[in-house]
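A short worksheet on the structure shown next.
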Amino acid sequence: NRGNRRNHHGRSGGRGGGGGAGGGGRRGGRDGQNAGSAALDETNPIIQSFRGYARELDAKHDRHERIVKCSRDITIESKRIIFLLHTIDPRKNNDAKVCEEAKQRLEHLFRNQFFTIAKELRGQDAYQYARAYTHGMQEFIEAYSFYEYCSGQDISHWQAVQEKLRYKHDATVPVKQDSANEPNESNTAAVPDGSDGQAETESPSTTASDSKAEIESVCLLQPLDFVLGLGDLSGEIMRKCINGLGSGQVDSCFGHCRFMQDLFRGFLSVSSARSRDFTHKMGTLRQSLVKSENVCYNVTMRGGEAAKWGGGPSDEAFGSFVGNANFEAAEAEDEGVFF
Amino acid sequence: MQNTVVKGIFDNFNEYLAKEQELRTEIRDIVRDIDQAAKEAAITLQVIHSSISDVPAACATARTHFEVCRAGYVKLAALIPIGQYYRYNDHWHYMTQRIVFLIALTVYLEKGFLVSRDTAAEILGLCVEQQDGFHLDIEDYLMGVLQLASELSRYAVNSVILGDFEKPLTISKFVADLNSGFRLLNLKNDSLRKRFDALKYDVKKIEEIVYDISIRGLRNDGGGATAPTAPPAAATTQEPPK
């Protein structure tokens, strides 16, 4: 479902682009007509004010598109990192190496894509553009928490992640030290680096506590996005649980299962999320949970036999082993790690 | 061990949601009050479709309702944390569009021009720039203006019924200007664009009225001198059903 939504988004963006081009064409036509009839000249107050509105809307749409682009990059890279983390195989003893690489790549995302978004959001109401990067953010949270889970750390609180999305950086345009006492002024001077030169003043929302030429940009992480990201994490852990069985790491299954139970309990405790995604995600989470509970059940029931399956790490082998006809179908509908 | 971490996250999340919920309840209360005032203004302005002479009075009454709206918006502005306008604006953006429409209609009836975004914002006590605080969103303003076009097409029909053959001509000119104004915008495929697509039907409707008037020689300058004297008489005899 998430995939669909993203597609839909892309489509609407594309059509919007087409519409824009069409508008341009029409405009050309109309201007020509004007030159002939002179019925609508540029002195008309309506035309004049609408020129201003057009500029404003264009700036908004452009910024939105730039953020969407960044968000797509984040989504792709996050999926790759998750895929990478799934290659952890205790038999090869490669977890330290894989985790290190995943960490590097996550840091890279923090430093680049998210920084770009943060720069775009500076001086803006972040909630206005939150929908442009919500998918990227969720996918990233999934990757990030999965990394933490795989490397044996506790899952970070969203405030900790939010702190990492807070950037202090020098203004690329040199700022006079004199104006340092007035953060507003220094920020106005510094604007051109992120927002191609539109004269926008810093919103007071970004805490302008820094009195140096340093400015702060924040990429807003909505707690709901974080929690939805955790919901996605459950799918990865289910996979890990099943892979664990396949590779003969029977003991680890119970730990994974326990974690998912905790996660599900957390989701249940949420009273009012005002989000359709949330209820949907909870359904998926429940399915994943049931799957991994079945794994643990089978391990307990026929633990000795399971050990014999240790040679075949493939899911199909497991599917026939569990004797669950739904298994493959359920697996197919699960959103792909292998995209 | 894991348990407490996950539990902590979800406890905090619940706290966060509860706080948000509380604020939304307060917002809803204020929005309801503003909405009520807007509705009364809308009812008052319906008079224009049945009586010409009552229009100035209706505009004056509508303006008093706008004052109530303004007071509501001031309260709302105090409630919304800085930089979170778009987090909560789903509560008021439809309403704001409607109020912008009512203001635009009032100003058009009084002065005959399109209210600018600045003026509309001023009437409601809002800022124009997002950076200055609680502001009038540009899309809300444009949506309000598009609603104006639909109402004016109805107004044109009714002014003909009431015997004023001059009004449709000025309305036609005005809506044509609006139309060309909107054509300057590069609209994305969103609700604003969909609403804009309906504008051409309003334009068409009004042009047809102008056509009907012209073809019968009912234009004032075209020798139809009966128009200016007849309509006021007609208007006074037909009292609007209140």
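Each Cβ is built from the backbone N, Cα and C atoms, and glycine gets one as well.
Annotations in TrEMBL come from automatic prediction, not curation.
Taken from TrEMBL, the feature compositional bias 'Basic residues' applies to A:1-12. Look at TrEMBL and you will find A:1-41, A:174-210 tagged as region 'Disordered'. Annotation comment: TrEMBL describes A:13-26 as compositional bias 'Gly residues'. Look at TrEMBL and you will find A:Glu142, A:Glu236 tagged as Mg(2+) binding site. Per TrEMBL, the feature compositional bias 'Polar residues' maps to A:178-189, A:198-210.
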For A:Glu142 (Mg(2+) binding site), the three-state DSSP class is helix
Residues near A:Glu142 (Mg(2+) binding site) by Cβ (under 8 Å) yet at least 6 apart in sequence within the same chain, in sequence order, are A:Ser78, A:Ile82, A:Gly229, A:Leu230, A:Asp232, A:Leu233, A:Glu236
Students should find that the Cβ of A:Glu236 (Mg(2+) binding site) has, within 10 Å, a number of other Cβ atoms equal to 22
Reduced DSSP state (H/G/I helix, E/B strand, rest coil) at A:Glu236 (Mg(2+) binding site) is helix
